[in-house]
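Notes for the one structure printed next.
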Amino acid sequence: MDILASESDIVSIDSVTLFVALLCACIVIGHLLEENRWMNESITPLAIGLCTGIVILLTSGGKSSRLLEFNEELFFIYLLPPIIFNAGFQVKKKQFFQNFMTIMLFGALGTMISFGVISFGASQLFKRLDIGYLEITDYLAIGAIFSATDSVCTLQVLNQEETPLLHSLVFGEGVVNDAASVVLFNAIQRFDPSRISSGIALQFVGNFMSLFFTSTLLGVSVGLASAYIIKKLYFGRHSTDREVALMILMAYLSYMMAELFDLSGILTVFFCGIVMSHYTWHNVTESSRVTTKHAFATMSFIAEIFIFLYVGMDALDIEKWRFASKSLGTSIGISAMLLGLVLVARASFVFPLSFFSNITRKSKSEQTDFKQQVIIWWAGLMRGAVSMALAYSQFTRAGHTQQPGNAIMITSTITVVLFSTVVYGLITKALVRFLMPPLHLIPIVSSEPSSPKSTTLPLISNSRDSEADMGDHNVPRPTSLRMLLSTPTHTVHRYWRKFDDRFMRPVFGGRGFGPLVPGSSPER
């Protein structure tokens with residue numbers, strides 16, 4: 001037994017060593033290709049993963065192409081949290097909340113529309129092909145799996161500095177979309193087809209709204225708790241390591257608490273990141289600010305590369321393709337149908353909901369024109385690791401599958417992920433430059449408190465100057481609900497800033513209210 005155990009450990013060490021070496025190669029090659037207008041950070045590890053999978057497949061005599069077994073828990077517990085947290089930590093908060101209602105329309109209602117279109121389309125089209133027996137819950141699961149956009153790819157193909165409006169809309173929608181897709185998928189696992197009633201849809205919507213607000217409240221609460229603890233205990237007086245460690249651990253704690261209480265960890269850790277960047281980050285020393293900013297970004301970066309590298313290698317898993325190769329035409333047909341359904345499903349909500357959102361916006365500068373809507377539609381077509389993880393959870397057992405129908409669904413999911421990430425990802429950058437030529441960035445003073453990101457805003461920001469720049473005497477007062485919704489910068493944002501400065505920051509800290517400790521520079 002000891003000999004067997006030691007041999008297993010050696011194989012594991014060899015696999016991890018090679019995987020870490022591949023991660024290093026991805027970083028180096030990605031740096032060399034950074035100036036290439038067609039490449040991005042997601043395509044490079046995918047390509048390296050595919051090449052590595054081919055080499056392993058040949059050297060193992062066609063037995064395996066993977067170094068590590070795919071595990072949904074590894075993805076959801078260890079890899080996804082740092083990516084989503086860093087997104088919330090670095091997001092331009094004013095731009096995000098100014099478009100919050102549109103983001104919620106796309107992320108929640110749009111996901112439901114996409115889910116319905118894909119589920120219905122799959123149930124009708126797959127019956128024309130000999131795919132094997134699939135239950136109604138399988139078709140519903142397919143709708144949830146392919147409704148999940150890839151927010152990681154969005155970070156790579158849309159630049160926050162060049163296109164802040166599009167970035168906040170597409171990525172904000174992606175975060176809510178991922179949460180909604182996971183909630184949908186989990187609800188389907190508990191769904192009993194024999195108990196379908198007219199009230200089940202309303203019950204699901206109520207459960208989703210409850211889950212959204214509860215998850216958001218938990219993330220905000222943990223973020224405020226971290227800000228209060230660090231502000232009151234003055235960790236920076238003795239050790240910057242402690243305050244950095246506490247920030248990292250409490251960020252991860254928010255995600256794990258959400259999973260413990262069966263909430264949406266994605267939403268929880270995202271809003272925890274927003275609150276920490278607004279309060280906690282300003283309560284630590286200057287050296288800790290630099291450390292946390294780069295630590296969170298580095299962990300997110302490594303997790304992103306890890307995910308795409310593994311997806312590239314797993315795409316050549318011989319076990320799944322052995323079943324699918326027996327009906328290659330069916331597998332190709334399923335993949336083509338899924339890609340078509342994704343295109344139609346996204347268009348079915350992006351353009352109608354954009355039209356509705358523009359009606360509620362009084363200013364032309366705050367509305368999304370047709371070119372921007374096309375970019376929003378296209379940038380959300382990519383499918384990634386969330387779809388992969390959900391597909392594995394639905395159609396495999398412990399990473400393996402023995403039924404031909406399930407194997408075809410796994411290989412089709414891999415095909416859709418690879419095709420959408422590579423082809424759509426390559427075209428997105430060129431499409432953005434074609435429809436919206438880049439404008440030069442100019443340094444302006446932002447009214448939003450300084451955050452881990454630069455305060456340089458582009459000309460295409462699609463936002464008005466805030467009341468801090470204009471003076472309170474020129475700010476129009478809301479006279480109706482429509483005005484309140486159509487001019488959030490001058491109403492909701494203004495009242496929130498007053499409430500924040502008067503009540504929140506004196507208690508939880510923040511810009512201008514942080515403790516004066518050795519090593520920190522006073523903020524203006």
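Each Cβ is built from the backbone N, Cα and C atoms, and glycine gets one as well.
Remember, TrEMBL labels are computer predictions, not curated facts.
Quantities reported herein were computed from a predicted structural model and do not represent experimental measurements.
As annotated by TrEMBL, transmembrane segment applies to 12-33 (among others).
Residues or ranges marked as domain 'Cation/H+ exchanger transmembrane' in TrEMBL: 34-433.
Marked as transmembrane segment by TrEMBL: 45-62 (among others).
The feature transmembrane segment is assigned by TrEMBL to 74-91 (among others).
The transmembrane segment annotation in TrEMBL covers 103-126 (among others).
For the transmembrane segment (208-230), same-chain residues at least 6 beyond its ends with a Cβ under 8 Å from one of its own Cβ atoms are 108, 176, 179-180, 183, 243, 246-247, 250-251, 253-254, 257-258, 261, 263-265, 267-276, 279-280, 283-284, 507-510. Marked as transmembrane segment by TrEMBL: 208-230 (among others).
Beyond the transmembrane segment (264-282), the same-chain residues lying 6 or more positions past its ends with a Cβ under 8 Å from any Cβ of the stretch are 76, 80-81, 84-91, 93, 96, 175-176, 178-179, 182-183, 211-212, 215-216, 218-220, 222-224, 226-227, 230, 247, 250-252, 254-258, 289, 292-293, 296, 449, 451-452, 504-505, 508-514, 523. Annotation comment: TrEMBL describes 264-282 (among others) as transmembrane segment.
The transmembrane segment annotation in TrEMBL covers 294-312 (among others). The list of residues near the transmembrane segment (294-312) in space but at least 6 beyond its ends in sequence, with Cβ under 8 angstroms from a Cβ of it, reads 19, 22-23, 26-27, 30, 41-42, 44-50, 52-53, 68, 70, 75, 78-80, 82-83, 85-87, 89-90, 152, 155-156, 244, 248, 251, 273, 384-385, 388, 414, 417-418, 421, 452.
Long-range contacts of the transmembrane segment (332-353) within the same chain: residues 102, 105-106, 109-110, 113-114, 117-118, 121-122, 125-126, 129, 131, 142, 146-147, 373, 376-377, 380-381, 383, 408-409, 411-413, 415-416, 419-420, each at least 6 residues beyond the stretch ends and with a Cβ under 8 Å from a Cβ of the stretch. What TrEMBL records for 332-353 (among others) is transmembrane segment.
The transmembrane segment annotation in TrEMBL covers 374-395 (among others). For the transmembrane segment (374-395), same-chain residues at least 6 beyond its ends with a Cβ under 8 Å from one of its own Cβ atoms are 42, 70, 72, 75-76, 79-80, 106, 138, 141, 144-146, 148-154, 157-158, 163, 166, 169-170, 173-174, 177-178, 181-182, 185, 307-308, 311, 314, 342-343, 346-347, 350-351, 354, 368, 401, 406-407, 409-410, 413-414, 416-417, 420-421, 424-425, 427-428, 431-432, 435-436.
Here TrEMBL flags 407-427 (among others) as transmembrane segment.
Summarising the annotation, TrEMBL assigns compositional bias 'Polar residues' to 451-463.
The feature region 'Disordered' is assigned by TrEMBL to 451-480.
Among the features that TrEMBL reports, compositional bias 'Basic and acidic residues' is placed at 464-475.
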Requested in this report: For the transmembrane segment (103-126), could you work out the same-chain residues 6 or more beyond its ends whose Cβ comes under 8 Å from its Cβ atoms?
Outcome: 96, 134, 136, 139-140, 142-144, 146-147, 168-169, 172-177, 179-181, 184, 208, 212, 334, 337-338, 341-342, 344-346, 348-350, 353, 356-357, 376
